[in-house]
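Feature annotations, courtesy of TrEMBL:
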- A:10-376: domain 'Glycoside hydrolase family 42 N-terminal' (DOMAIN)
- A:105, A:143, A:312: substrate binding site (BINDING)
- A:144: active site, proton donor (ACT_SITE)
- A:303: active site, nucleophile (ACT_SITE)
- A:389-596: domain 'Beta-galactosidase trimerisation' (DOMAIN)
């Protein structure tokens with residue numbers, strides 16, 4: 001699309017009163033130019049098995065088109081009709097908790113052929129009906145697809161076949177997973193037990209990989225069907241989401257975003273984040289970086305919050321700040337979930353742009369200013385391209401393995417806590433970040449690679465990382481990296497396994513820190529930030545320099561953080577969970593070493609800088625003030641134009657930002 | 001009955017040793033004149049299917065009669081014998097947690113015809129046997145009856161028929177409940193899913209209403225059977241109970257007390273309350289007010305605590321204070337649960353008047369003084385009639401709807417917290433209160449109506465409430481009132497819906513307060529009590545006066561509490577959860593506005609005043625000291641006689657109360 | 001065995017690489033002279049139904065023998081192979097949580113004949129194969145056997161037959177358990193319900209007794225089979241464990257150790273305990289005292305920790321301190337679980353002597369010094385005999401009964417908390433303790449008996465305890481003792497039932513203390529330790545002396561702690577939960593009264609003394625320093641030799657201990 005898209009999800013089917021024309025009028029007033037429809041309403045479109053009723057789709061398409069609003073049509077497959085479950089109860093996923101119950105969405109066995117049959121039929125009926133409609137610019141297949149923990153007998157059967165294809169013989173399986181332990185050895189394929197009760201983390205993690213593959217395959221299958229109908233100017237996208245902690249938090253455990261996004265023309269995501277006093281922009285940036293990294297390209301924010309929950313209703317100014325933050329990370333579309341607040345059922349208090357009364361309100365009014373600015377500035381802001389020199393390597397496999405083997409028995413921190421510990425500090429220092437998968441072959445384009453807790457990885461991956469350092473790359477590893485292989489088998493060598501070559505250290509003991517801190521003040525981050533928590537490895541340097549040691553009567557002789565020159569690069573290894581303040585200082589040191597410390601680092605959170613090149617080849621820089629206080633600083637970049645106000649800005653100008661305010665400068 | 005009844009539950013069946021004559025001797029010594037028997041012991045009375053053994057009933061009736069002690073006989077249907085469950089496992093309720101297991105009481109499907117068949121047979125056998133016995137003064141049908149969450153396939157079937165009778169067509173259902181959402185639309189009656197897994201709060205709340213109706217019908221059915229045998233001088237009652245938080249707390253979620261009490265001659269309730277340092281009398285008053293309000297008449301306290309739990313064993317004086325507090329709310333009977341402490345099973349530590357050793361003890365000894373005073377003062381204290389000018393409107397439907405849509409995601413406050421927030425302050429100000437249901441048509445007899453969180457209500461109810469104000473009534477609404485209709489569909493109008501007419505305000509935004517308080521000190525309740533918590537609506541007055549606004553950088557322009565003149569009355573609207581201290585001040589203001597502030601308000605908790613008229617037409621006033629400190633104050637009422645001591649009291653006398661003491665004055 | 005045994009569990013089957021010879025070399029270097037094998041690896045030894053493969057057993061036996069290392073062979077029955085569960089899913093225990101799932105160990109129905117058939121076959125195959133091997137010194141049957149809460153229909157059937165055998169008629173059952181309550185009465189054997197849902201604690205406790213009997217019978221059955229093959233020089237042992245709170249804590253609820261240990265030649269236990277800063281030695285002492293008491297003889301520590309968890313990895317010196325602490329309590333064998341850290345599955349982070357890298361490490365290196373000292377000092381340290389004058393009476397039945405009837409509704413303290421409250425203080429005062437069961441008939445050998453919370457006991461037991469006091473014994477009872485009979489029926493007499501004769505007190509009221517403390521400072525333990533918590537009985541002395549009363553406005557007249565002379569002895573009764581400090585002072589007083597206060601009491605924790613006689617008839621005394629500080633004190637005992645350093649020690653010498661250090665003195 002050659003314009004920034006701004007819109008909402010729209011559910012004509014949920015309306016308690018006739019609203020279509022009035023809604024479109026209010027949308028137009030707000031500059032809304034796209035809506036997403038149909039992804040949740042299968043029971044309306046197919047009220048009985050084989051009986052179709054697309055009247056609400058037709059009328060919305062026609063009405064939107066008449067007023068020039070684009071439409072994305074979703075396949076309505078992530079919530080199944082009552083008749084299907086009554087006829088075929090086995091379309092519901094069987095999980096470790098037992099049979100599913102009808103009611104919620106996302107309760108199906110996505111491998112069930114009955115479900116797939118009905119999916120295919122409704123997809124073909126719907127997409128073939130709307131693909132020629134001039135309002136339709138693209139499609140979304142399913143929604144927030146996951147595997148819903150499907151693990152019934154049929155899925156176990158598929159898993160056994162998957163295992164046989166991958167490992168060929170049971171001897172390989174028994175050895176790879178260490179199944180002799182506790183008499184779990186499998187000596188005949190017929191004996192393969194359901195993994196629902198397994199205590200073997202290798203087997204369990206393999207099953208999780210298999211379940212993620214089911215998602216990848218399901219989405220590829222849907223997309224292939226839609227592609228049969230898609231017109232050249234139309235796109236297919238998905239709405240991926242993230243680990244959920246009451247809001248989008250980190251890497252999605254149940255989907256491999258890198259793999260699953262491959263069949264799509266463009267990656268879509270939903271991003272929900274804390275707001276009001278707790279608005280930081282971190283999740284906007286994190287979700288955007290992940291979405292952009294999947295295809296190395298711009299992305300769509302298919303869903304984000306308008307009013308949403310009572311604890312999220314934005315303060316004045318925040319809705320604008322959020323919308324432009326999405327653009328600054330590379331989004332070409334921002335859609336709210338959703339237009340109107342729903343009058344029944346479990347998302348009644350997840351409010352849309354409009355409240356339940358359909359009248360104007362302060363949030364809607366703020367949206368109207370966004371729509372106007374999006375339209376006015378679209379040529380300057382669309383298709384922002386970003387070239388980051390820092391990447392963070394994230395791994396679904398490491399995440400799952402650490403679910404099976406948490407840092408402590410209480411298990412109150414998981415993989416994403418570590419990812420976020422490092423990501424958040426990079427964000428706050430205004431370091432632009434890409435995400436890469438362990439399969440990434442083109443690491444050379446990055447100067448600095450952050451590798452948090454890469455607990456499970458093959459020899460091949462670790463050797464590639466060693467080679468990256470040798471060839472001049474800089475890498476920061478945390479504890480647990482390299483510890484197990486791709487089958488979550490602990491390496492029977494000195495730890496941290498293969499990467500000890502680049503890191504110049506080894507260890508074979510680790511403890512849970514109690515009254516332990518860093519000795520002295522190695523990173524000048526303040527003694528109060530010296531604490532070590534949750535996990536510590538007792539590192540012994542071979543060739544590495546010790547950056548920090550532990551302060552403890554018994555563990556004081558071991559290193560906590562080391563740095564090693566290896567070939568043309570350096571590898572930094574962090575053996576314990578450090579405070580955010582120490583992580584910040586340590587990362588700053590590594591960034592400087594990689595030659596990446598620049599003007600953007602002269603200010604820091606709550607002042608956030610994001611930049612890229614627009615389609616005119618000019619650098620566009622966003623400056624955001626994520627705070628309730630006014631802010632001012634010196635503009636150190638090339639002369640340009642501040643796009644919102646249309647004023648020129650020159651190097652060394654004093655610049656001011658309102659609370660929750662921002663400016664956008666396009667360099668000349 | 002023309003005497004105050006004082007007694008206990010009595011279980012001859014549970015005795016480890018022969019006790020009957022010795023027990024009756026001790027009862028007589030304590031002034032006990034009534035016992036309740038047989039409601040828990042079906043397996044003793046029908047040891048095998050169709051084999052009956054009422055020996056323990058017979059002998060207790062005879063022995064009691066011989067010593068002039070009255071007996072209430074319960075139908076033993078709330079705990080089923082082993083043989084029934086072995087023969088017919090499907091008499092156990094299937095709930096959302098699955099099939100039931102034998103063991104506890106109250107586990108049956110109260111719609112199951114097998115269970116009903118056996119119920120009817122044992123009821124007819126037992127009641128026809130005892131109805132002519134001179135000891136028997138009345139009957140109790142079942143005990144603490146609820147629906148036990150029965151939700152199996154047969155109950156789902158009944159529910160569908162109930163829905164069809166109520167809504168006629170699925171189109172009506174789909175529209176009323178918004179079932180298009182998440183593909184929950186039902187397009188054929190055969191497709192109607194079990195509601196056990198529903199995420200639709202409208203459907204879920206309707207099912208709860210239906211389940212409460214099952215209770216109403218079950219009790220009416222039992223009562224009709226008992227009525228066939230009942231003699232003219234005998235009564236039928238029930239033992240209702242309340243929301244349980246380790247003690248009786250608030251409105252019973254699973255029973256509509258107003259509806260279910262209709263077939264009974266007199267309403268009975270059980271009331272259990274904190275004791276020792278935590279004894280306040282609030283639950284005694286709350287439960288009594290509710291019981292009295294169901295039929296606008298005196299009531300029975302079928303169960304209350306004697307020694308009970310280790311944390312309840314009363315301090316000296318408290319048992320007396322409690323007993324007379326029941327009378328002061330309008331009780332004509334006070335029965336302890338139970339006579340002797342049980343030697344086996346799960347209520348071993350729920351002790352009776354006697355400990356396990358059957359000997360005398362301090363609590364029993366205190367009971368003997370109560371029994372004597374009850375007997376001596378019975379003509380003056382029985383049949384107290386109360387005429388309250390303040391009522392509180394409570395609604396099972398609002399309660400259930402707020403279970404589906406709690407104030408916050410953590411959901412740590414529910415409907416009854418709001419009811420109690422207001423009730424407790426009225427109690428502490430010595431304001432007598434009736435409860436009314438949303439169906440109450442005779443509101444005009446009240447000067448002030450408190451309406452907490454009436455979240456679900458029909459247009460008709462809200463219009464009746466508007467009319468009440470217009471005609472001169474005073475009303476206090478809290479937040480959430482009027483928000484949804486009788487189907488828990490949010491009204492698609494400005495909020496608070498229909499009542500905005502009387503309230504003169506509207507709002508379409510609400511947030512979760514964080515660092516929010518009331519601006520200034522509008523109610524002079526102390527700045528430390530100014531906080532606003534959990535929920536706040538951003539109120540905009542149209543014609544209302546603003547009584548309080550929020551203190552917050554962004555929400556400061558909105559009103560928190562408003563008051564509006566409408567017709568001849570006023571409507572006060574509270575948009576947020578206030579501190580108890582502020583609620584107290586605000587209620588005091590409304591009470592004064594309603595012209596109800598009087599002598600009773602010159603003192604306050606821990607000094608509690610309750611009053612009414614006795615059968616001689618004289619005013620009786622109880623003065624209770626709910627504290628461990630002595631208290632003294634001035635008696636501002638008409639000259640009269642203090643009944644306990646038999647001394648005269650005159651206006652302006654100085655009066656003293658012992659710790660946990662009380663006096664009763666009958667005006668001349 | 002005529003040498004101290006020092007070893008580890010060894011799992012050739014779990015090795016990711018060939019290690020056997022290298023491991024044995026490292027074992028030899030560490031002085032390891034015994035390994036335990038085979039108890040977890042059924043699926044390796046019987047890969048298919050009836051197909052056997054003992055290659056790993058054979059090769060380990062041969063290789064160990066070649067280097068003179070002894071082997072204990074375990075029957076591999078506590079973890080079942082996949083083929084068995086696939087063929088016969090009903091070998092898995094059905095519990096109150098439903099059907100089991102394959103994966104973990106210890107999930108079988110130990111009464112299932114299919115399981116028993118396969119058990120017997122593998123036991124006979126394995127034991128007959130290895131019993132003649134010169135490396136094999138003994139056998140272990142199963143491992144940490146419990147009943148796994150098996151409670152399916154077949155187990156219910158067995159239970160009914162057990163009940164009928166014990167009680168003969170249902171009338172007896174109904175009366176003993178009070179089943180009339182809540183209509184639970186059973187009037188025909190066919191009606192006997194599954195007890196899974198019971199609310200009757202008497203029935204529930206009887207079922208727990210029955211389940212413990214299943215364990216006793218299962219182990220006796222296995223042992224009888226092994227005994228058929230056992231050579232005269234070989235032993236059979238078990239590996240019992242304790243209530244688990246993240247480590248060994250107290251009396252094992254699911255096994256009667258006194259009964260279950262009878263068929264064994266020697267009792268084995270596993271003992272896991274807090275470490276690092278939290279190492280106190282209490283669990284080592286507790287588990288050792290229990291193991292020693294089962295047969296009044298030396299015992300084996302079949303499993304204890306080497307590195308284990310990250311929060312347990314020992315500080316330097318602690319591994320030595322622990323190993324000799326086991327000997328000091330009477331152990332003749334100390335084995336670590338396990339040799340190498342496992343590379344897969346759920347105990348990956350329960351590390352062995354070696355880390356995952358199989359290299360040397362500080363913990364292994366410390367073990368080498370232990371092995372050498374064990375070998376060198378074996379003649380002096382083996383077969384330590386202990387003669388304690390203090391015993392603690394513990395009861396599985398009381399434990400279970402208090403699970404059904406916890407002290408408070410929140411139930412945050414259980415029976416073992418009370419046991420440990422007293423045991424820990426005795427330990428810290430250096431009082432050696434035996435454990436006795438309620439069935440113990442030879443109480444006269446003890447001067448002082450501590451009886452914590454003996455909530456369920458027969459008349460016969462209580463009368464035996466009365467007689468013990470009458471004959472000159474000293475006894476300390478806590479609250480709840482004597483309250484119910486062997487059927488957990490509350491005694492319908494004054495409390496504390498039969499023991500009131502010896503105690504000279506009674507009570508019939510008890511409360512939950514709130515702001516209650518002891519009056520004055522009766523035990524001079526500091527006012528800050530005067531508090532009373534959780535439970536208090538309102539004691540009334542008849543002949544007893546009041547040692548302490550309650551400080552409370554209403555309960556102040558009641559006694560809290562009493563002491564009574566009865567016959568030639570005294571009975572102390574404690575009516576409430578006291579602080580550890582007060583328990584310490586009170587116990588000290590009772591110890592003095594019993595004439596047991598001696599030199600060992602001149603020092604106290606963290607300085608711990610343990611002693612006994614060795615095979616030369618000489619007294620051996622261990623002095624342990626359970627702290628990170630150096631310690632010094634005066635040696636008040638007879639002249640002797642400090643065995644570790646080989647130096648003489650004389651009475652009144654000044655002695656020094658390193659942090660976490662110890663010495664061993666053999667008196668001349």
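For all residues, glycine too, the Cβ spot is worked out from N, Cα and C.
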For residue A:312 (substrate binding site): intrachain residues, at least 6 apart, with Cβ closer than 8 Å: A:274, A:275, A:276, A:305
Largest tally of Cβ atoms lying within 10 Å of a Cβ, found at which of the active-site residues A:144, A:303: A:303
Overall pLDDT for the domain 'Beta-galactosidase trimerisation' (A:389-596), taken as the rounded mean: 97
Residue A:303 (active site, nucleophile) in three-state DSSP notation: strand
Those residues of the chain, 6+ apart, with a Cβ under 8 Å from that of residue A:143 (substrate binding site): A:39, A:40, A:74, A:78, A:239
Alpha-carbon distance [residue A:105 (substrate binding site); the residue listed as 'active site, nucleophile'] in Å: 17
Pairwise CA distance, residue A:144 (active site, proton donor) versus residue A:105 (substrate binding site), rounded so that it is a whole Å: 10
Assigned conformation of residue A:144 (active site, proton donor) - DSSP reduced to three states: coil
Within reach of chain B, those recorded positions of A:105, A:143, A:144, A:303, CB-CB under 8 Å: A:105
Cβ neighbour count within 10 Å of residue A:105 (substrate binding site): 20
Most distant Cα pair in Å, residues A:105, A:143, A:312 binding substrate: 24
